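Take a look at the structure below.
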């Protein structure tokens, strides 16, 4: 055996193994370098913790969310809300209820509606987008026209009509928001499927006799998950704001359930005398939606680097 061969083998043994990294691993690494996205993620974690620990907040303060207090430190002699104090950290509302505790419970409603409505929208959009892009032909044409119709419908007007017929409630809010938020996802998925349906792995599955449903959900869907995750992250704040808008218009959860939109609506008539009544719920809604938007931008740039180049 030659000395050159021994040297080559020694170099190969000493060289570190090159391990391929998955797109998800690379995306997460890029996301961690995005300071705005990481700060936003931290804020979202705080909001989630506040929602989960809302009952603990009620225990610590001794104020259940719907309990009305008529003491002088809860309502003024004129019956007006009282500002932040050692007992009521964010002040009280016009019924003497603790705004801090109600904001914590309102976070539960906002996050639940945001997650559930986004999940519903993603489920509908993925099915429609896969079917339109993979099946093509008449199916694609009909579904594309249906998507155009959904995108052209004014959400608030339809929501008012549906809530007037079916009544307000958590399930109604989730259904209404999710049912009118899926069209953009369907378009994104359809575009991705059109670029994948003639690829070699799809043709191989066809040649093995795989059914269309299996090809769509087992072969193609895993390859379009990244844009779905990106858009779902951006859809969350839209769903949260939509729920707050419905509550602000009196179409959300019925009283006395605490939710941010309803609190802002109730506090607007006191904004000159009780600024805390509208500022704190509004700040919670603003911080949450901005954090989700910034995180969504970071996720988009991390998992689709070309988006950052286009944006720049």
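The backbone N, Cα and C atoms fix where each Cβ goes, glycine too.
What TrEMBL records for 107-296 is domain 'ABC transmembrane type-1'.
Sequence-distant contacts of the transmembrane segment (36-60), counting only residues of its own chain at least 6 positions beyond either end whose CB sits under 8 Å from a CB of the stretch, comprise 100-101, 103-105, 107-108, 110-111, 284, 287-288, 290-295, 297-299, 302. The transmembrane segment feature in TrEMBL is assigned to 36-60 (among others).
Feature annotation from TrEMBL assigns transmembrane segment to 111-135 (among others).
For 142-163 (among others), the entry in TrEMBL reads transmembrane segment.
The annotation transmembrane segment is assigned in TrEMBL to 169-189 (among others).
Residues or ranges marked as transmembrane segment in TrEMBL: 224-246 (among others).
Among the features that TrEMBL reports, transmembrane segment is placed at 274-296 (among others).
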Legend entry - Outside the transmembrane segment (224-246), six or more residues from its ends: residues with CB under 8 Å to it: 23-24, 27, 109-111, 113-115, 117-118, 121-122, 126, 155-156, 159, 163, 168, 173, 176-178, 181, 184-185, 188-189, 192-193, 196, 252, 259-261, 264, 285, 288-290, 292-293, 295-297, 299-300, 303-304
Legend entry - Cβ-Cβ under 8 Å with the transmembrane segment (142-163): same-chain residues at least 6 beyond its ends: 128, 131-132, 172, 176-177, 180, 182-184, 186-187, 190, 242, 245-246, 249, 251
